[in-house]
Amino acid sequence: MSTVVTTLTGVAASHGSVHARAVGWDPGTAVAVEPAADIDDASARVVADLRFRAAAATSPEGAEVLEALVMFAADPELLALAKSRVDTGETPEAAVRSAASTYAEQLRGLGGYLAERAPDVEDVGARLADSLAGRAPAELPRPGHPYVLVARDLAPADTALLDPQVVVGIVTEQGGPTSHTTILARSLGIPAVVACPGARAALDGHEVLVDGTRGEVHLDPDADLVASVESREQQVAERRAQATGPGATADGVPVKLLVNVGTVDEAVAAAGQDVEGIGLFRTEFLFLGRTEEPELAEQIETYAAVLEAFGERRVVFRTLDAGSDKPVPFLGLAEEENPALGVRGLRTATSRLDVLERQLRAFAEAASRTGTEPWVMAPMVSTPAEADAFASLARGTGLHHVGVMVEVPSAALRAAQVLRSVDFASIGTNDLAQYALAADRQLGDVAPLLDPWQPALLDLVASTCTGASGRELPVGVCGEAAADPHLAVVLVGLGVRSLSMAPRAVPAVRATLAEAHLSLCRRAAEVARAAADPQSARSAVAELLG
Ligand code: PEP
Ligand code: MG
């Protein structure tokens, strides 16, 4: 007789499966040490601790995360802000936390890639506060055998130190598909399920089977279940190792596999990998926190370096995606109550057309210097008139591949008109989900609504593809949705023909697509759209793809 299996569901964060004993961990149980003398002393201690951890990090991504934390822990502006708050009466412990959270809010306001750094600053704030209060960071459990780590959430610095030989699976109650826990777990190849409520109480001390592909955790599973999930994963791993080169479905329909990057260094690193180009170059980093616009020459040099690195391969630049909530002071935009619904993205051109014009000139000049043909697209386009105006401005500057991002529901619903004067569309599923589900991207409480498997979001992707099909315009996806192998199959079934994602996500997406004929992709799209909620869409497609 087989054991009754209890299953918890969460978000499939890092694919693969593992069967081991679960160990619950509460990082709040810190040990007492000598408190730091003041904020500078706390900064020095935290920097030393993080450097020590960086040297011990178990992956290049982990070391990178820790180096970023070191930068924040030693940041003179952050420390000065904290000290100024002590001068106005806050305790040093409260001041470092509140200064870090001010900083984190600014990063969140920037959205996308930079918003992902906000938890790092908060983590640093908590470490500085712990040091001032004489609390040493809690150590990960060492039960003497490989285990599945179960926690409420994991700080980036803890995840960066995980040894995949010891922590063989991760289950967290919080976190989302783009959190650091997820990113690092993927880079270490540790199967992970996040946003799994009640996990600690239910799993601690039990044998568990973590199915990071389907987002399920089985409690005390029987041998048959373990064997069937393990054999499915084994087959996937073998197929993945074999797949290389341009992306395509099993019947040879090309699907370009591109990457999302935001700096020249990232672009150069990605150029060395088996990818077909850049599907989204976020130009924001060049403008961040600047009180003056970067010189035209600096812009040209930056874009040319990116084009140089990718040579003949496709490079899609996105024009500045700033808003009044974003610290791009030289734009001189007004304060707003609801910045996500305000003057952001292409809308900033209404008052600062000159900034957009110079950026387009810089792209065109970088193109002619490198003898390449970049693709250029505008963010936050809502109406046909906006798309027309952008297309005419970009073409007038000598750019030949002009597109728009579809990240506002109006653009998805009226895609035929919005796309009438452009050459391509790139769907930003992160913002499209935010606006379709009326759920703020920066607010953890509404994160489940932003699940990229939301059937309503898939309807909007379908509507965009239908609108583009009359002129056979290429439609890509550059939001987080593209990085999920099963969802990638769904997107291709809906008509998407390029997928842009973090470089590390490319191999799994390539291998999964190579296994699916276009007819199966279309069936997966139907099944996902017919589902009532994201979790049933995910499970139904997992079932279909086997
Ligand atoms: C998106 O909105 O999906 C997108 C790719 O843009 P960002 O995340 O930079 O807003
Ligand atoms: Mg966006």
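Please read every residue number as a count from 1 along the shown chain.
Cβ atoms here come from the backbone N, Cα and C positions, even for glycine.
Mean pLDDT, taken over the domain 'Phosphotransferase system enzyme I N-terminal' (9-117), works out to 87 on the 0 to 100 scale. Annotation comment: TrEMBL describes 9-117 as domain 'Phosphotransferase system enzyme I N-terminal'.
According to TrEMBL, the domain 'PEP-utilising enzyme mobile' annotation covers 146-215. Under DSSP, the residues of the domain 'PEP-utilising enzyme mobile' (146-215) split into helix, strand and coil as follows: 18 helix, 19 strand, 33 coil.
Annotation comment: TrEMBL describes H180 as active site, tele-phosphohistidine intermediate.
The domain 'PEP-utilising enzyme C-terminal' feature in TrEMBL is assigned to 239-517.
Sequence annotations record features per position, and here TrEMBL assigns phosphoenolpyruvate binding site to R282, R318, N430, D431, R441. Non-local contacts of R318 (phosphoenolpyruvate binding site) by the CB criterion (under 8 A, 6+ apart in sequence, same chain) comprise L280, F281, R282, T283, V376, M377, A378, P379, M405.
Residues or ranges marked as Mg(2+) binding site in TrEMBL: E407, D431. Sequence-distant neighbours of E407 (Mg(2+) binding site): residues of the same chain at least 6 apart with a C-beta under 8 Å from its C-beta are P379, M380, I427, G428, T429, N430, D431, L432, Y435, G479.
Other Cβ atoms within 10 Å of the Cβ of C478 (active site, proton donor), summed over all protein chains shown, number 27. What TrEMBL records for C478 is active site, proton donor.
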Whole-number Å value for how far R441 (phosphoenolpyruvate binding site) lies from C478 (active site, proton donor) (Cα to Cα): 16
Contacting binding-site residues, sequence order - R318, N430, D431, R441 vs ligand 1, Cβ under 6 Å: N430, D431
Residue counts (helix, strand, coil, in that order) that DSSP gives for the domain 'Phosphotransferase system enzyme I N-terminal' (9-117): 67 helix, 16 strand, 26 coil
For the binding-site residues R282, N430, D431, R441, the one whose C-beta sees the most other C-beta atoms within 10 angstroms: D431
Among R282, R318, E407, D431, R441, C478, the recorded positions whose C-beta sits under 6 Å from ligand 2: E407, D431
Annotated phosphoenolpyruvate contacts R282, R318, N430, D431, R441, maximal Cα-Cα distance (Å, integer): 20
